[in-house]
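Everything on this sheet refers to the single structure shown next.
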Amino acid sequence: MTTPISLSKPRVELRFKCSHLKNLDICSKSDPLIMVFDKRGEHGESIFVGQTEKINNNLNPEFKKSVIIDYHFENIQNLSFIVVDIDKEIKRVGDLEGNDIIGQYTTTLGNIISKPNKKVISEIKHKGKETGVIEITAEEIRETGHNFLFKINGTKLDKKDLFTSDPYFKIYKTSSSGNVLVYQSVVIKNTLNPNYEPVMMKLEELNNGDMFRELVFEFWDHDSVGEHDFIGLFTTNADTVLKGITREFPLINAKKAAKKSGSYKNSGVITFTDCRLVGQPTFIDYLSGGCEINLMVAIDCTASNGSPSTSTSLHYHTPSHPSQYAKSIFSVGSVLAPYDSDGNIEVLGFGGIHRGSTSHCFQFGSKKEVRGVEGVLLTYGEVIPSMSLSYPTNFKDIISYAAKKSLDGVTSKSQKYTILLILTDGEISDMNETVHEIVKASKQSPLSIVIIGIGEATFDNMNRLDGDDGNSLTDSSGQTATRDIVQFVPFNNFSANPEALATETLREIPQQLLGFMNQNNYLPMSHRLK
């Protein structure tokens, strides 16, 4: 029997260091990051592959965020590595300005992989002049499907400030080309006994699935000005910690040990209070762990809907002739409502007259919240006939309100996720402001936005908000959404099949929730380490 050959493309992880970078800032040091572009095709179009994090005030940065790229043996993959000092989001080489660039290095992926230890060290240049050195290390990723979840604390760490320290730690995986940074913790201020939040890493990022691969944990004291102070380090591997062979590790500072000779014991002790392998958390893991789902409904009250009292109005609504708004509320709300933890749904209006003037975000009805889908439909039927419609169709205020409210009380130990259902009949009048609010919400708010288009409009702007075309949503200042949080569906495409409407509008919610949780390193509460 012939063994089937896997046709999946290998994936390669690229990690980076730089040194001796030219300083582009006047009053401080540059804030470098590395952007990677893949030059493809006969016309040489440069495709954005990924970028590292930005490291502030550092001319010798060591980046913890890697860039992942598919490896095509059969193709020449010309890669450009551009070191920049920049604040705005960039996705195209053409968007870079000359004064943003510290330096650039171009090579092929094949050249990096074929080098001894899969490592390249080269000068970077800008306008023909050397402006620093870049070090690129490559490693093929072996997908494991597991995560390494651990929690550590420290005791009696060395004082590096007057009375205390501000400790943080770095994890390096060893390789034939040297140690490679794979994780850096947050700084805990003013303590010699730090207690860190749980950390979850993909096993392939930590050790590429090799449970005996040596890991180096370095502890440092953070200084806001000047160089950070080294506290000490220890080495171990995942197998040792998982099996509980050793859970306590003394931090050793070799220079301090040499000075103090026989009197030196350690520079503190690090304890793994728990450690385990877990699968990638699922949407159900978060729900069963206690993550609350909250539903908000926003109803378009603009004049383009037509007077609710006329039969041609999109808001014309009777028990025997429910409007498209009512049908959408019932269809989508019936699926979402069972997940709403307390059964209360907030109903908002926008584009109508509220308290004497046009409002783009107001309480729809006499109650701030109503019970279930039935309550939403009852409120809609009571309020819409007497609603004074206005204009224009603005989304900014509604999205801003929902984004802020979704953050109320949300922590890793109190997880909530909000779904904002917007029902609208027309094109957005405040497109730039709306895009800005969505981009901002994608970075910080536990929020998904479901938009249902009512009526016969073309909804071109709505399709732009929905990132399903593969292009990340970018606002006028160049900031790009870190996750896709918008799903748009025209009601008329599914008017004959309400179940299909709900399926289409809600199918991306699980991945959007997972995106927020991963972005913030929130574990399912049932997975949390004590």
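Every residue, even glycine, has its Cβ placed from backbone N, Cα and C.
Features as listed in Swiss-Prot:
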- 1-125: domain 'C2 1' (DOMAIN)
- ASP25, ASP31, ASP85, ASP87: Ca(2+) 1 binding site (BINDING)
- ASP25, ASP85, ASP87, ASP100: Ca(2+) 2 binding site (BINDING)
- 130-253: domain 'C2 2' (DOMAIN)
- 294-513: domain 'VWFA' (DOMAIN)
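ASP100 (Ca(2+) 2 binding site) falls within a helical segment according to DSSP.
Helix, strand and coil residue tallies for the domain 'C2 2' (130-253), in that order: 10 helix, 57 strand, 57 coil [DSSP]. In the structure shown, the C-beta of ASP100 has more C-beta neighbours within 10 angstroms than that of any other entry among the binding-site residues ASP25, ASP100. Distance from the CA of ASP85 (Ca(2+) 1 binding site) to the CA of ASP100 (Ca(2+) 2 binding site) is 5 Å.
A sphere of 10 angstroms centred on the C-beta of ASP31 (Ca(2+) 1 binding site) encloses 17 other C-beta atoms. In three-state terms derived from DSSP, ASP85 (Ca(2+) 1 binding site) belongs to an extended strand segment. For ASP85 (Ca(2+) 1 binding site), the same-chain residues that are 6 or more apart in sequence and have a Cβ closer than 8 Å to its Cβ are LEU24, ASP25, SER30, ASP31, PRO32, ASP100, ILE102.
In the three-state DSSP assignment, the secondary structure recorded for ASP25 (Ca(2+) 1 binding site) is coil.
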